[in-house]
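Taken straight from Swiss-Prot:
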type: REGION; residues: 1-31; note: region 'Disordered'
type: COMPBIAS; residues: 7-21; note: compositional bias 'Low complexity'
type: TRANSMEM; residues: 76-96; note: transmembrane segment
type: TRANSMEM; residues: 102-122; note: transmembrane segment
type: TRANSMEM; residues: 149-169; note: transmembrane segment
type: TRANSMEM; residues: 193-213; note: transmembrane segment
type: TRANSMEM; residues: 217-237; note: transmembrane segment
type: TRANSMEM; residues: 264-284; note: transmembrane segment
Amino acid sequence: MEPGSTPPNGSAPATPGTPAPLFSSGGPRVDSLSYERKSMPRCKCLPLPAVEGWGVATHTCVVEIPAPDVSLTRKLGAEFVGTFILIFFATAAPIVNQKYGGAISPFGNAACAGLAVATVILSTGHISGAHLNPSLTIAFAALRHFPWLQVPAYVAVQALASVCAAFALKGVFHPFLSGGVTVPDATVSTAQAFFTEFIISFNLLFVVTAVATDTRAVGELAGIAVGAAVTLNILVAGPTTGGSMNPVRTLGPAVAAGNYRQLWIYLLAPTLGALAGASVYKAVKLRDENGETPRTQRSFRR
């Protein structure tokens, strides 16, 4: 592979805690010009304030180690498992709450979804990026943080995992209760439901874009930050729209229950909100001092 060329498979999205190999699979070579630049750590020297008495400014070096390549098949497998876990537990909580007379409470519903998101990000983020959400995948592709060629496969796997999780719930909690389906409350107009889903999706993607694509954000806390955003959104929007923020959170349970009421809201509003939230963060984020552009493929970083 020539220096500067693009590898056949995109680099795995970065996630807290897992270092990558320093050299390519062929191993290091002896001569100093033979190392592949893609496999070498990237160093950036940042100026620090001058030390009193020394009269010179000091510098510190930040080393970025590239993540190893992950095949698309492995990414899709991890994305399927992660989305399945999210939909199963985020949908199970309101079903249990309905079946057992409020045993979990609205806060429990929100916390269950937030914990599921945090768990999946920390366990699969280093493999697939833990998108779990077609709106997120589309927004990242639109902002050049994810390759468009992989979007159809990711969205298809997310939708399939959602349907599988919903039918698994239907088998566990037979008959499938309406509590797991996200539909607008009878007291909420169509416009209000649409705007609510737009706003909470905006909030979610603003946070996700910050912790997943900005090198100055604390990537090690990505799962906690995103899980907290999901919990907050469901606490606010749960009573009115169910707090979906995710087309496949609504799609799978709708198919299992045969309830497609106002489904278009949950397909369109989260996607538009995600695009807006990610775009706004990109507009307000601090620019790199060396003028570097965003990497082609980023998600929850190591």
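Using N, Cα and C of the backbone, Cβ positions are placed for all residues, glycine too.
The listed stretches are 102-122, 193-213, 217-237; of these, 102-122 has the most Cβ pairs under 8 Å to the transmembrane segment (76-96). Long-range contacts of the transmembrane segment (264-284) within the same chain: residues 133-136, 138-140, 142-143, 182, 184, 190, 193-195, 197-206, 208-210, 214, 241, 244-247, 249-251, each at least 6 residues beyond the stretch ends and with a Cβ under 8 Å from a Cβ of the stretch.
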